[in-house]
Amino acid sequence: MSFQQTNNNATNNINSLEELAAQELIAAQFEGNLDGFFCTFYVQSKPQLLDLESECYCMDDFDCGCDRIKREEELRKLIFLTSDVYGYNFEEWKGLVWKFVQNYCPEHRYGSTFGNGLLIVSPRFFMDHLDWFQQWKLVSSNDECRAFLRKRTQLLMSGDVESNPGPVQSRPVYACDNDPRAIRLEKALQRRDEKISTLIKKLRQEIKNNRIYTQGFFDDLKGAKGEVGQLNGNLTRICDFLENSLPTLTAQIQTTVLTTTDKYVNLKEDLLKVAILLVLVRLLMVWKKYRAALIVIILFVMHFYGFDKQILDIVLDLKDKILQTTTQAGTETLEEVVYHPWFDTCGKLIFAVLAFFAIKKIPGKQDWDNYISRLDRIPKAIEGSKKIVDYCSEYFNLSVDEVKKVVLGKELKGTQGLYDEIHVWAKEIRHYLDLDERNKITLDTETAAKVEDLYKRGLKYSEEKIPDRDIARFITTMLFPAKSLYEQVLLSPVKGGGPKMRPITVWLTGESGIGKTQMIYPLCIDILREMGIVKPDAYKHQAYARQVETEYWDGYNGQKIVIYDDAFQLKDDKTKPNPEIFEVIRTCNTFPQHLHMAALQDKNMYSQAEVLLYTTNQFQVQLESITFPDAFYNRMKTHAYRVQIKQEKSIWVRNARGEEYNALDVTKLNKDEAIDLSVYEFQKMRFDDESATKWIDDGEPISYDEFARTICKAWKEEKEKTFHQLQWLEAYASRTVAQGGSETSEYYDVWDETYFSNLLSQGFMAGKSLIEMEAEFASDAETFNAYIEYKKNIPKETKWSKWMTILDEQISALSTKIRELKNKAYKFISEHPYLTALGFIGVMISAFAMYSFFERTLTDDTITSEVGSSGDNKTQKISKRVVEVGGSGDVKTTKPAKTAVEVGSSGDSKTMKNKITKVEVGSSGDSKTQKQRNTKVEVGKELEKEAETQGCSDPAAHALVLDVLQKNTYCLYYERMVKGEMKRYRLATATFLRGWVCMMPYHFIETLYARKVAPSTNIYFSQPNCDDVIVVPVSHFIAPNAERVELTTACTRIHYKDETPRDCVLVNLHRRMCHPHRDILKHFVKKSDQGNLRGVFQGTLATFHQSANELCRAYQWLQAIRPLDQEITIYHEDTDMFDYESESYTQRDCYEYNAPTQTGNCGSIVGLYNKRMERKLIGMHIPGNVSECHGYACPLTQEAIMDGLNRLEKLDPVNNITVQCCFEPPSDIKDTMSGETPEGKFCAIGKSNIKVGQAVKTTLLKSCIYGMLSKPITKPAHLTRTRLPNGEIVDPLMKGLKKCGVDTAVLDAEIVESAALDVKQVVLTQYNSMLDVNKYRRFLTYEEATQGTGDDDFMKGIARQTSPGYRYFQMPRKLPGKQDWMGSGEQYDFTSQRAQELRRDVEELIDNCAKGIIKDVVFVDTLKDERRPIEKVDAGKTRVFSAGPQHFVVAFRKYFLPFAAYLMNNRIDNEIAVGTNVYSTDWERIAKRLKKHGNKVIAGDFGNFDGSLVAQFFGQSCGKSFYPWFKTFNDVNTEDGKRNLMICIGLWTHIVHSVHSYGDNVYMWTHSQPSGNPFTVIINCLYNSMIMRIVWILLARKLAPEMQSMKKFRENVSMISYGDDNCLNISDRVVEWFNQITISEQMKEIKHEYTDEGKTGDMVKFPSLSEIHFLKKRFVFSHQLQRTVAPLQKDVIYEMLNWTRNTIDPNEILMMNINTAFREIVYHGKSEYQKLRSGIEDLAMKGILPQQPQILTFKAYLWDATMLADEVYDF
């Protein structure tokens, strides 16, 4: 019979729980389970026993009101379960006991600590049986006694023998039990035991008979007697040991030896099994051809050794553990396991083992070396390892979370996090226990709501399963004061006080019996549906029937409708007034109505009724008790109706008074309707004091449906009215200012709360009495008055103060508890660092497994992949181009013709390394960077506190704020003159949403208008280390000369759905040509996301901080961001004394948050830190409440912003089409890395993967006749960082780029537009009558843009010998320049693979421009290898050239080359000299143009022309010159027309806001244009024409106002320009105020440098034509040619002979230069020709020249110039 069956049968024979426990204790001892059961009955320490001795549990004497019978039944089940399942450990059993106590006795004083070794039975019972327990422990050590008692106990517990006959012999005895040898062995052992027992018995008898006695003189020594007696006792104990303990000890030793031997044998077998499996697994990894066979063998071995069964048993056991949810003990154990610190470590180790099988081999030393080597290249091993560890850990943590969900069945919070949360909750309770805070409960609804939430949070914490008993007890302690505060909230008037909605009063009269009461409920349902209460049974509990005869409003619980059926039936009398009359006065009012309730718990109830329904039989109400009857009728007359039956549905009847009236004819009702509402009609009644009946009909009767709609509409209007009134009152009580600063003063009180306390304490210690000290205070009246106030304010001891004291102690204890837990965790980890190391190793192996997996997946199976390069042909990888981070020296991975970048400097130009370069902490001086010794870092003082790292709650939001927003956010300033001094004021913040569209609060515009800021005042956009990068005048925002704030067409406000404007304005700055920005619109939330924005969130405010004159970024942390669905009124700053249109404005629906915002934060973007939200940006900060530290944000969604962009585009479809454009960084740019920029106004974009190199050696060489004909005046410019003669070290590239970032002027838009319109008329006029204009009004094909049209000299093919530009020059090439993509022969290549790739790049660029995406065009900044004047070279001045990529060149030519060709075919007459052949009659035409208005001319040159270009001009050039041309063959109202316009705008933007690269830095220019674009000279000419007209207008305004029109300019000035060179012919009428000197001075005012053509600085007002130079040529009339010719300066002619270039044959270039020199010198006359000829012939005769030059006669050269016969004349 099993022991479980014995227990089941013994259940009915046990009389008490104590007996059951005793029997169970015996059974547990017999089964050897004392550790599992007996210890649960035994008290941990004797002091606990004494404390519990006087107590009783509910199971014995103490009665707590629980179900005793059910409790005892559960306890029996519990004990049976424990005795049967001996595998339960103490913790599991304790959990069961805990669940029992929680279910049946949760209020017991020891309930919270039950299970920690306390008793399950009463302490009194345990004390009574303590001796028995001790004896039992001695008895149980004897085997015979144990066997005897086992049988006896089983018989006692078995009950009736007949009902339980015992076990049945169901099978025979095994043969081994009948072995005679076993019987003999057993008898021998028995005889041995008997012999030992007999010997011990005899020994005892001998000791007893022959006791040792003292003799002789020892008899008198008591000490000796004691020692002898002790010796006798020791002999007795030795016998006891031999008889009792020694056999047991011997048996235990034998058992231990046998067990150890068995375990050793089992271990050997297990090791052998594992070794066999490992060998098979290794073979499986090596022998790929025999994998199938090996798998079969492995499966057979596993089955042979029984591994398959063990695995299945483990899985089933795990499944049972997971699915076991019937007992709390199992759940709590799993929870503890999941949160055990070893869980993560074990999981990572398992993960590592799985990775081992995935790798299919044990990583060796070479594998790890190669693995680390590869990680080192991308970019370094440490960075790569960190990223992989982060990724693997993240996925592992996600897996752990899923395991927790599956195993535990719920999402569990971290215990540590929950403890911190409880700590904060307790502190909040302690905060509101203070008297000042507690008083706010009755005054502040927000405080009341917070206190109410504290109690609810406490209830939630009490339901949590918290293993720590101290924390659970702490929660229980804190719940009582939280409940007391909650009860105070319930009794607070703030829950119902304040203004209420004036109820809609409906007064229905009619004869009795027509069904007024029956009709009331359908009316209630219709009203409730209008209120939004649509539940079918809502009318039952939302309509309250009021009986006035009952004094109390019992049963009222905030119902919205109150019905007074048969009202005013009681007569009103002065002595006994009708309470209904006065209740009408109180109820129908906005003043709060405090209801009279009978129950105490219902006190403090206020009326919330919104509709009052009165039914009466007549309108005449007798009013005697009130002094002003009109007060009654004013409340009742608004909706007074007489209910009557329609004629066709009525029948005439007579009432008791003999009057006839229409009653309802029930026979005419609709049988299908339970209540037929169609029979009623409602006659509106109007109160008329002059009428006899006081009431007259008002209009025609209406049906029920119309009546119900009228009442619902009236309710809705009154509801909205009340809502607005309450909003106004709230706003009036707490005015929110538009984030203005305020001045505060600090006051100090001499007698603070500690002053008298300190004096009294000191006095008592000195022996003074209270009377004596009070007399001293009374000597001064002011001091005595303060003392009286101090006595009044002495806090009295209350229950709140007691709770405050207790809570302070509890909170302190909890803080200590949390610190101890942290210290224990830290200590555990620090003492066991190998756990962390094992976890890290697991992650590393996992990372290596992932790497191996992808390597196997992505490589060809037919070729064995190697981790590192071994040089073996069989294992060599497929040849492919490898990109290195640094040079490795490997032939296979070395980049062609590129200097690699090393971690350290090796001095090797090829950067070939034999070993991996190591990065040192300190410098060792070794070129190989090998460390000679470890560098030690000393710490002077040990840190006293431990620094803890804190992770970011939302890395995506953090990256968004730091990387994206910071490049789109600007701080705004403006300047104005104050008392003769220009002062700078901070306005606030603006954010660019995309491209040129920025967003800012609308009240900025109002502020500028109210402060009367002049339209010409500039608004400066600044960022840290980039001041005033964008400058925009106020006139761009506010229309000038407007009587109120009126936005320009470049601005629009964002609206709500109902067209209500928000405090947010969008501004398009494309007309001001500021640089474009990235598109961040996708980061704003959508409308669909707003449903998830419930509750409270955390976030940040991206703003700026001004420290002295330095601007830095600031990120304001926002607490408790929550939606606020109500209007707020925002007031302008009180300190701002300017005149606003109104003192405040309203913002509907906003986000509210707790943050100490300040002036200047307005306009900052609010971002959420929430991983569950894909999009993070929710709004823009607009106002703040400084006193309450609250801020508010205007909500923004993608839909709302897109609606605003569409509105903006419709305002000006041409100029605002750019609102859809945006900038995106190039594809190979790391925009998250901060790149460097040259000094000046540039915008950093990031770092490039491609590092651009620079030429370091010039190709210019001194010719063989250098300095022999003339003294050299030029030399090659510097191409590298150079030390100048004055000792200064100069980087010529940085010095040249600095000129492009200078500050530029902001000009009046009207002036710029006037100049642009005049230039448009000039350049678009067709002067060449032989020209077919339709030939140019088109776009080119791809082929035409590449190879040219073939029919126009100004639309030739692209020069293919020049650089292909960014990204292309890094590609392997066989031919120089662009020839790999465009071909090298006469025909251009369009079919090769490279040609097709280029075509795809061009098409992709065009598609991006069509979508408004500015992307993937980078100009490379390089130094120009040329000769410059010696003084400029010595000053370190080298010109910078910016080369464009070839795909952009093709695309730009496709859309703009025809327009450029048209301008060049109409050259000179359109003021543009581009395309001029200086040897032809073109020079004569230029001369005639410069003599049109007389002989006074000027020739000028701009200093730093490219750097001073104003971006504002570029927009006008494109808009006023190219756009009209574009419209002649494109309809912008069609889709194709809009697409083409967007393409042209995109390509133009790539020029005027070009992206540049030097080194690996990528940045954007804010103005100017790159010199390497196809339109450079044309753009400069247009700019030149515009700037001279602007100077004319500015000078005329000051000196000749009547001459400032463009008509006067054309009448008095004619000009010609080529790039930045120009010449002007000026009439005598204006030359005194418009000349070389005045123009130069005016140019300085608009930040341009304009000097004479030679840049000498010696300027005259108006030189003659023969004195000036244009394009380094003069204007000379040739009598031989009879026209004006262009002789080149003589020093330039002779200088070209001093130099040649480093080509295959430099002398060939010299001979070409000699030929060109003779053709140029002839224009200077025959004498100069003879001088040069004699010098050249002399050098030839001396053999200095490499060959004899071919020299023509003077007349022959003139003839060639006349006929343009030589190729030198062919332009």
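Yeah, the Cβs are placed from backbone N, Cα and C, and that goes for glycine too.
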For the feature coiled coil as recorded in Swiss-Prot, pick the matching range from 1-29, 88-116, 726-754, 1045-1073. 1-29
Coiled coil range according to Swiss-Prot, out of 167-195, 1124-1152, 1269-1297, 1385-1413: 1385-1413
At 10 angstroms around each C-beta, which of the recorded positions ILE514, CYS1162 has the fewest other C-beta atoms nearby? ILE514
Nonlocal neighbours by CB distance (under 8 Å) for THR517 (ATP binding site), same chain, sequence gap 6 or more: ASP565, THR615
Starting from each candidate's C-beta and looking 10 angstroms out, tell me which of the binding-site residues GLY510, GLY513 has the most other C-beta atoms. GLY510
Name, in the order they occur in the sequence, the residues of the same chain whose CB lies under 8 A from the CB of LYS516 (ATP binding site) and which sit 6 or more residues away. LEU508, GLY510, THR615, VAL643
Starting from the Cα of HIS1003 (active site, for picornain 3C-like protease activity), work out which of the recorded positions (SER512, GLY513, ASP1063) are within 10 Å. ASP1063
If one measures from the C-alpha of ASP1063 (active site, for picornain 3C-like protease activity) to the C-alpha of CYS1162 (active site, for picornain 3C-like protease activity), what distance in angstrom results, rounded to a whole number? 11
To the nearest whole angstrom, state the Cα distance for the pair SER512 (ATP binding site) and CYS1162 (active site, for picornain 3C-like protease activity). 66
Reduced to three DSSP states, the domain 'RdRp catalytic' (1495-1634) has 69 helix, 31 strand, 40 coil
At the Cα level, what's the spacing in Å between GLY515 (ATP binding site) and CYS1162 (active site, for picornain 3C-like protease activity), rounded? 62
Could you tell me the C-alpha distance between GLU511 (ATP binding site) and CYS1162 (active site, for picornain 3C-like protease activity) in angstrom, no decimals? 65
Additional residues surrounding ATP, by Cβ distance to the GLY510, GLU511, SER512, GLY513, ILE514, GLY515, LYS516, THR517 centre under 8 Å: ASN617, VAL643, LEU664
Using the alpha carbons only, what distance in Å do you get between CYS1162 (active site, for picornain 3C-like protease activity) and ILE514 (ATP binding site) once rounded? 65
When DSSP states are folded down to helix, strand and coil, where does HIS1003 (active site, for picornain 3C-like protease activity) land? helix
Across all the protein chains here, work out how many other Cβ atoms are within 10 Å of the Cβ of ASP1063 (active site, for picornain 3C-like protease activity). 25
Where does SER512 (ATP binding site) sit by DSSP, helix, strand or coil? coil
